[in-house]
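The transmembrane segment annotation in TrEMBL covers 34-52, 86-106, 113-132, 144-163, 175-194, 214-236, 321-343, 358-380, 387-410, 422-446, 487-508. What TrEMBL lists as domain 'Major facilitator superfamily (MFS) profile' is 39-512. According to TrEMBL, the region 'Disordered' annotation covers 547-576. The compositional bias 'Basic and acidic residues' feature in TrEMBL is assigned to 561-576.
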Amino acid sequence: MVATNAAPGIYDAALLRRQEMMGASGPKALVKNFRVFSIAMFACIGGLLYGYNQGVFSGVLTMPAFKSHMGAYDTDRPEDASKKGWLTSILELGAWLGCLLSGFMAEAISRKYSILVATGVFIIGVVIQATAIADGGGHNSILAGRFITGMGVGSLSMIVPMYNAEVAPPEVRGSLIALQQLAICFGIMISFWIDYGTHYIGGVGATQSEAAWLLPICLQLVPAVILFGGILFMPFSPRWLIHHDREEEARKVLANLRGLPQDHELVELEYLEIKAQSLFEKRTISEYWPHLRELTAWNTFKLQFVAIGSLFRTKAMFKRVIVATVTMFFQQWTGINAVLYYAPTIFKELGMNDNSTSLLATGVVGIVMFLATIPSVLYIDKIGRKPILIIGAIGMAICHMIIAGIVGSFRYSWPEHRGAGWAAVVMVWIFVINFGYSWGPCAWIIVAEIWPISNRPYGIALGASSNWMNNFIVGQVTPDMIASISYGTYLIFGSLTFLGAAFIWKFVPETKRLTLEEMDVIFGSEGTAQADFERMEEINKEIGLDSLARGANSSPAAEPHTIDEKKDNEISTKEE
């Protein structure tokens, strides 16, 4: 029997060999890889756009100038709560579609040009919203613009982390991917404060200028245009180049990214690691879907859906589907995006009747969420996913229940109980802190970790699809819930968040530091990852990665080079 740790051993050796030449991970590695770090920072403008767009509309919805412009979509009237929901949630519907299409686009035209296309779509959507007054389209222009903007946001939310992961060396890959989450939180934070500042333009009442809501929307164009123009000067993903048989170009890009000669051992080692992964994917497709092995655009498009369908064929894989999609379901039904999208509205519900005060309280939401995300990025691999998710869910659920109790007791007498209103506001802030260190980053980590190598891209796409669809539903129903059941809104979110904690405790295993074989064991699909590793081990020996990674300590010529040779050797040993 082939040793189950064969393939990881190669990558452990590759890591040790790389560290001999470069040093361990950490802040020093970021300094040494400053070029890659700066490229990733630039690409994370896409995350900033995502976060900004997610947060900016919450303040715009409460501005008198915007509400007067919306006509039938006057968001203060209870009967228009559903329309208010559409103004907000239609962006998530567009993002869901953009997310589904982004995998195909990133593979067909490259990660670099996909970021260009997604940013262009985003800009078109913003322009349509900004011209809502000039063209007389009113709410129709806002709806159409937000849907198109959402398509761009959804694509960027998938492609930017993929691009950062593929240009980064393994030593700093985790840190550079984590930049995306911090960029999203930063975008949310600045959007809240821009809303707070611009709502004073022309006054805070009936005299308010149209610029009060147009300016926050139009400001998105500044980073979007910078990203659109700047991405043309960024390198292609080396992984995409190798996968599309542009290997010499990939070597040049890798050498340039690392600041080393093309024949440097570190460049060669990373080049072979990427080539091994590319060959693995191609051979996996040839085995399972031989009719899709040619890298045509149509085959690439069909492969996304055929591969996702394969996740439902066995009970063990279906368990992973349940963990990924249900975890994302509960992430959205914690109510986090209800808070981000409707924070000023919620704060008014909690007695902050002055729009300036409610926007100020909303600005604090952005700050505390940004700060709360940082510790999780630093300590998630030490503490583990499961305890953080459970503790965070319990903390959020308790906050919801306390808010429900306060609203139920004082919703008709806020002027006489200002202290109770502020207590509820503080509970919202504590709720956001609990989300920031737990379900914000950890849910995405769970979704990324539980799949075998051959299924990972499609499993992540399915989990992301669940995230955006539930995001859309929450955005749509929240105004109706607040208008019709008031404090019951928080009881529902709180109860579902308690259920989320129970789901994590009962059904989601701890994935910290587990190998793919161990994932197979806990999900009851022994052999899936082992087959992947055997295929990968054969490729590693075939292209010379094994001998390069192990250096002088290896004797590749004396070792069997294929799985069949290994089995023949084992039989011979038994016969002897």
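Using the three backbone atoms N, Cα and C, a Cβ is placed for every residue, glycine included.
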Who are the long-range neighbours of the transmembrane segment (487-508) in its own chain, taking Cβ under 8 Å and residues 6 or more past its ends?
322-323, 326-327, 330-331, 333-335, 338, 386, 389-390, 393-394, 396-401, 403-405, 407-408, 411, 439, 446, 478, 481
State, in range form, which of 34-52, 86-106, 113-132, 144-163, 214-236 has the highest count of Cβ pairs under 8 Å to the transmembrane segment (321-343).
86-106
Sort out the residues at least 6 away from either end of the transmembrane segment (144-163), same chain, that have Cβ-Cβ distances under 8 Å to it, and list them.
43-44, 46-47, 49-50, 53-54, 57, 87, 90-99, 101-103, 105-106, 111-112, 114-115, 117-130, 132, 137, 177, 180, 237, 461, 464, 468
Sequence-remote contacts (6 or more beyond its ends) of the transmembrane segment (34-52), Cβ cut-off under 8 Å?
115, 118-119, 122, 152-153, 156-157, 159-160, 163-164, 167-169, 172, 176, 179-191, 220, 223-224, 226-227, 230-231, 234-235, 256-259
Take a look at 86-106, 113-132, 214-236, 358-380, 422-446 and tell me which one has the most Cβ pairs under 8 Å to the transmembrane segment (175-194).
358-380
Other than its close neighbours in sequence, what residues sit by the transmembrane segment (86-106), given a CB gap under 8 Å and a spacing of at least six beyond its ends?
53, 57, 61, 70, 73, 75, 114, 117-118, 121, 125, 139, 142-143, 146-155, 157-159, 162, 240, 297, 300-301, 304, 341-342, 457-458, 461, 464-465, 468-469, 471-476, 479
Stretch-averaged pLDDT - the domain 'Major facilitator superfamily (MFS) profile' (39-512):
85
Non-local residues, at least 6 beyond the ends, that sit with Cβ under 8 Å of the transmembrane segment (358-380):
55, 58-59, 62, 178, 181-182, 185-186, 188-193, 195-196, 199, 339-340, 343-345, 347-348, 352, 388, 425, 428-429, 432-438, 440-442, 445
